[in-house]
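Copied over from TrEMBL:
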- 1-89: domain 'Chorismate mutase' (DOMAIN)
- 89-264: domain 'Prephenate dehydratase' (DOMAIN)
- 276-353: domain 'ACT' (DOMAIN)
Amino acid sequence: MAQDLTPVRDGIDKIDNTIVELLKERLSLAKTIGKLKNESKRAKWDPLRERQIYERLTKLNDGVFPKDALHSIFHEIITTCRLSQQKIAVSYLGPEATFTHLAGVKYFGHSATYSPMESIADVFSEVEKGRTQYGIVPVENSIEGAVFSTLDSFMKFRTKICGEVRMEITHNLVCKSGDIKDIQTVASHTQPLAQCREWLRKHLPTCPTLPVFSTGAAAQMAANNPNIGAIASSLAIKTYELQVVVKGIEDYRGNTTRFLVIGKESPTPSGADRTSLLLGIKERPGALNEILSVIARAGINLAKIESRPIKGKQWKYLFFLDLMGHIDDQHIKDCCTTLKALCSYFEWLGSYPVTEESSPDA
Ligand SMILES: O=C(O)C(=O)C[C@]1(C(=O)O)C=C[C@@H](O)C=C1
C-alpha cells in the first residue's frame, strides 16, 4: 500500500506559506529603502550590498541546498525587490528568445519590461535617448572573439557600461518537424553559424547557410518555413514552437558569450569590478608600449585589449581596454589620470561588477 504523503506535504505547505509571508515582508522593507534612497537621491542599485547578501547566504547554506539554485532564487528575489523601488525597462537585440534576451532575463529577472530591437546600434540608441534605462548587447564570444557592432557602437553613442553577464551558449539545430531530412537551408546569426561550422560541414554538407540578424529571427523563419532549419536558443524552441533536431551542435565545448548591460550611469563599487576604457593612441614609436607599461607598473591586471578601425579615418584605430578594478579605486583612478595625459583620446566606458558564468538553462 502506498505511504500516506499528507503529513509531510502539510509540512511543506506550512513552509511555503511562511516563505510567501516572508517574501511579502522583504518586498515591503525593500520599498521602504527605495523611498529613503529617493529622499537622499541615492542609486537604487547597490552591487556591493547585493554581493554581500549572496556571500552571506552561501555561507549560511553550507552547501546543503545546491549553490547555483540558491543563487538563482535569491537573484530573482533581489531583482524583484529592486524593481519594486524603480520600474526597469530593458532593450535587447531581438526578436524574442535571442541569447541576448535570455542574458537580459538572467540579469534583470522576469519582472522587468523587455523591448526587442532590430540591431545592436538600436539598443544603444534607445538607451542614449532614455527610452529604456538599460540595454543588453553581446560583446565577445570565447570562440569567435569580439562582436564588432557592439564595439563600434561605443564609438558612436554616449552610454555607460553597468554590468556584464557571462553565459555558456548551447546551440540547438531546430526546425518545424524536428526531422533533419526536411532541412534545406540553415539560418542563424553569423556567430552561431561560425561556431557550428564543422558540425554543419559534416552533417549537412549540401545545405547552404543563411546569415540573418539574430538567432531569434532565424527561429521565426524556421517557424514559418518547414524547409528552414535554425540554430537557436532553448527559449526560441518554446517561443516559436519548434522541434529540436540535435542539441549542442557547437564545435567546441565551453562556448561562452559575454554580454554587457549598458545604461546612463555605472554602479558604485562591488568589491570585484572591471573598468572598460576606449583609448586613442598617439602616432609615435612605442606609444602603445608606453600605455601598457603604465598599467603594468600600477600592478593592474589588463583583462582585455582589442583594436577597432575608426570609421571614415583610414588606418586609424581606437583601443578597447578592460582593467580589473573600479574607477573609484585609487590605483585605477591614478592610472586613468596618467593614461588621459598620454592618449590622443580617452573615454571611460564604465566600471561594473564582474559576474560568474551561468548556463542559459540553469
Ligand atoms: O539594501 C538595499 O540598499 C536595498 O535596496 C535592498 C536590496 C535587496 O533587495 O536586498 C535591493 C536593491 C539593492 O541593489 C540592494 C539590496
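Each residue, glycine too, has its Cβ placed from N, Cα and C.
Remember, predicted model here, so these are calculated numbers, not experimental data.
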Counts of helix, strand and coil residues, the domain 'Chorismate mutase' (1-89), according to DSSP: 68 helix, 1 strand, 20 coil
Residues of the domain 'ACT' (276-353) by DSSP state, where helix covers H, G and I: 24 helix, 30 strand, 24 coil
